[in-house]
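Engineer: Dropping a structure here in structure tokens format, bear with me for questions.
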């Protein structure tokens, strides 16, 4: 955690970008080329260009997906444009001057902005540096204050021809409520007419912040501020802010030595940064407005910034990582119809994906160029070489770590396969890994190389020919028809066995058995089952044999048909990869989850969507990540919830496309069951509490909104989804939700869990959301900037939330944890509670309901057969009549300590304090006004001053700071104006006091009613639970008694068989024992039932008495509050006169002589008078 020093700083804009450069912008569709000046604003928010007509166009840097220069940039197709740029001349240098910016809301809806510079190589620099700004992790994860600053920057750049900010731009920027925008502009003394304009000099950052505070007030932050600052003070001191940061904004699980708490000098730096008032900065004080901007700053980011960069160990074997993977990458729409595009390979790789899929099919004459398409569907084709070229360009723009090309090869032509291999070798060059690394040979038991070892490399996943002899070009593979298309008989898949295996007799025999079993299984399948299997797998089951050229490119990622987990463990080859449809993977996960996890510790697996997902929808990847599956492939063109989760999680670790699995999913000596509900070894479970407090600028319309909070993790994790109520009004600017926190009590593996927070309109329309891994969250108050469905940052919408994370502690150990944290405090409180309980109950029973023991012989000797008929039920009766501890009900003292009651009392105390503070302030205002009116009757130089006293929570009244010089005419005789002023002020003070005391009385009566109702509600809940527990215990004890009596019956029968061997005698004695047993059980049950009924009656009597006591308390406290009110009303007249005398004693010397008092001096001592303040008032609200 780095609260005071953010790990990642925002990107820096190079000087030449903000100064601008001349370009020609061209568009192929319109065939128009126009000169522009291209710039980036100094803060790096916008790329914008200005036409000769002074018209400006903006492009948000967060929407930029790629920049390209040279041969990878767009080339004009229009002949008119080609002539403009002299492209048909042989010595043309167009490729050295051009660059293209690609932007769009998702990977499919793209826009290409094409620019040509006047100088060579300028476009290259612009392309590289603009992409660096767009890809910087803090561009998309900026603080709330940064996103608000973006609005100001744009307003100041969109100027009218006169160089002013049009007011209509404000209405366009904040369209939800025009009246509120007008009111906020008026509050800042700015023009508000639609056709008006504002001078940029009149709208600096300070005015903009005031405008935002007027447009979007933050009462919820004011409440937080009030709870931590000095009472009745409009500021928070440095010490209070330090306490707030260390208590609320700091993760309580952190070690205080390794991560020391905030220090006052660090907090002073925060005050210097965020406090708008210079005077407060000098005094080390933070105002409520400063608090708002502090909570919007980067120091309070909801994310741990270090998780955004590469922070994980990248030297582990490749199969120890989750790998960002794509399915049918070339598709832009559905699986059955729609266009295919090589551009998708670029976009997917730019998003951080490290495994893309190429479905290769044989090209048609005359070119016979291999193509990529979805076989046997209506999707369009793209050339294989175009896809390879796109991959070569974009493979390592976002991440330097290895890219895996997953080939689904249906090209049955050796010549076309050779052409494919040649394209790969030529276009990928040295980045293509064709031979195993020296330290990681392809041998059983050897681990895979790490992402760091394979840095900058491209790996091919394709069938590998295991025979040393070259493939015959004239021989057609099995299962391929003359027309070149696969026949209905699927080609046998490679099992990943090497030529080395075939020299071993035992393994060879084993292979034959496996093949025979597969053939038998295939023969036993009926036609419908075969069709179903093919529909689930798509065309993956119809791959053809790999010929030598393609086979030679395969090394660490060799596909193999999955036989069984045992078979794979026996082979122990880490370079073998099996692919599963989501259905097959789910079946394996359901039947053998722990074996699946162990399999993924050793080698890699790939999961892909079932073939029936024609709409390109996705399955939830979480279940397969839980099993450790590395390549969980999804359809990147569909931005549904599974894809959103995938993109959100792989944004972390530097968007490298690799996330290190947890230790227990990597170590062979650890066992992990994804369906476990218990504690997992070496993992500390986490408890997460989230309170959704408010939202800001959620929608462009005035609508009611709600928030959904959802947890993704293991099946054994707690409740998955919560939802707030609808916002009270159709207010999308600053809605507030006053609800209890949502608690996820026991998150078993935080490293495998993530939190989704989504905002919806009343009708369910999506507004924005955010998905964040649990281990990347910070505790405290945070502004959560929302994202679109395609994970693009939204500038305006945000949520204000409170997060609290702590280590999970079971309820049974909660007291022990508290005791260990603060032993002295815990045992002191425990002793006090014990004393109170003893006073109420007289003793402290160890158990509320003790079990009813069944009597047994003291010496433990077996019962003889002759004892079976004597005194039936006597011992059972003795057992049933043994003394049972009477159950106790919850006492009044315990009810008062319940969380719900305590919380309500604290709220009431706060309300009373606020009421008293307002009354005291009104009293003081009346006295100050009277003093000011008196001053008007005197010389201006001799005015009476009032100042707040020190050392008090409330403001006290001090009569004067200086001796008042009274005019001669006032001393010689009473002035009627002064007397009228005195009478009027006395009457106002009397009315104010009566009104204040009535308000306090009414509020206290209301508080008493609410607290009594709360106690009654909790008491009834407790009592219902007590009765239920009592009945359950009674049933358990009865069953236990019957079991013991049954065991005694069997002991008697066994003892009897040892005494006599006569069958007739044995039957007779057995009947006697059984009859005696029945009588004993009946007597014991009857006696126990009577005892328990008596105890239940006593328990119900105690509960009724408790409820009556609670009801009686209401009347007592109402009477007490009324008595206090009457006493205060009686003393109000004297209190008013005393306040009047204290304030005007210097102005009325006659009164001062009648009641001598120490003269008023300009001292630091405060006046002893404290109007309307009763120090015990706040305590009296507690029952």
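Cβ coordinates are placed from backbone N, Cα and C, and glycine is handled just like the others.
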Engineer: So Swiss-Prot lists 328, 357, 359 for Ca(2+); which of 275, 289, 408 goes with them?
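Structural biologist: Of the residues offered, the record points to 408.
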Engineer: Pick from 793-824, 825-856, 857-888, 889-920: which range does Swiss-Prot record as region 'Disordered'?
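Structural biologist: Matching range for region 'Disordered': 857-888.
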Engineer: Could you tell me the mean pLDDT the prediction assigns to the coiled coil (1077-1146)?
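Structural biologist: The answer is 80, the mean pLDDT of the model over that range.
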Engineer: Provide the number of Cβ atoms within 10 Å of the Cβ of residue 327 (active site), excluding the reference atom itself.
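Structural biologist: A count of 25.
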Engineer: Determine, from DSSP, whether residue 357 (Ca(2+) binding site) sits in helix, strand or coil.
Structural biologist: strand
Engineer: Can you tell me the CA-to-CA distance separating residue 327 (active site) and residue 357 (Ca(2+) binding site), as a whole number of Å?
Structural biologist: 6
Engineer: What is the three-state DSSP composition of the domain 'C2' (666-794), stated as helix, strand and coil residue counts?
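Structural biologist: The breakdown for the domain 'C2' (666-794) reads 6 helix, 56 strand, 67 coil.
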